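Database features, via TrEMBL:
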- ASP56: active site, nucleophile (ACT_SITE)
- ASP58: active site, proton donor (ACT_SITE)
- 19-48: region 'Disordered' (REGION)
Amino acid sequence: MTPLPAGVVPDAVRVALPVDAPTEVPGPGADETDTARSPRVTPDPPSGPVRLLVMDVDSTLIEQEVIELLADHAGTRAEVTEVTERAMRGEIDFGASLRERVATLAGVPVEAFADVRARATFTPGVRELVAEAHRRGWEVGLVSGGFEEIVADLAAELGITRFRANRLEVSDGRLTGRTTGPVVDRAAKEAALREFAAELGLPMSATIAVGDGANDLDMIGAAGIGVAFAAKPVVRAQAPYGVDGPRIDAVLDVVDRVDATR
């Protein structure tokens, strides 16, 4: 990452839009729910460098933790939530915590996926962020320590074709309590970011990574612009840039302010 000029520190671009931030008033006949957060979203042709924006999913792209929603179907939510919090604070190894949490899901029917997807809600500003990224000609990807069974649907809804997530093992229509294939942990998230960039022929300086948990720190550190979003204290302390929330499209302000200093 190009160093910022003297006197400009990362916290100078830590931004957070207030809950009551003004939005544009829709024109006559417009859907009143379809308001933009910024005049930046226009039909103008893309400008500026091509970039790759990669986001975490749980508590970043969406407001929930998918494994906790699945745990509701197993009656183990309290146990799973406690382990998730410790893992996101970096207190325990993510891979070990994933195995421990997934084990509690044994016996949950696959029909639970539909309920979980219905209950998962996008973080405010996600649709605007992805739409503006696409308008600028950026590629967008998702990298999740959660599960492909849910992430694939979220990605499709947003027009995102690149994603990486864990897979849950299923037998006779029920979860076995195990994952299948390589675990998407902290190191795998960074590797996926690098892999996506290489596929696109982009240098790492052209990447943006956004996440909230300790397992996002490696990809945040490897990205050209690494952003902690509504993050745990350990992540806020180490990430180069931060957005406190509640709207994730404030990441665009971080990128624009960093670009203005280069």
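Glycine residues also receive a Cβ, built from the backbone N, Cα and C atoms like all the rest.
Predicted automatically and left uncurated, TrEMBL annotations should be read as such.
With a cut-off of 8 Å between CB atoms and residues at least 6 apart in sequence, the same chain places GLN64, GLU65, VAL66, ILE67, SER144, GLY145, GLY146, GLY213 near ASP58 (active site, proton donor), listed in sequence order. The Cβ neighbour count for ASP56 (active site, nucleophile), using a 10 Å radius over every protein chain in view, is 25.
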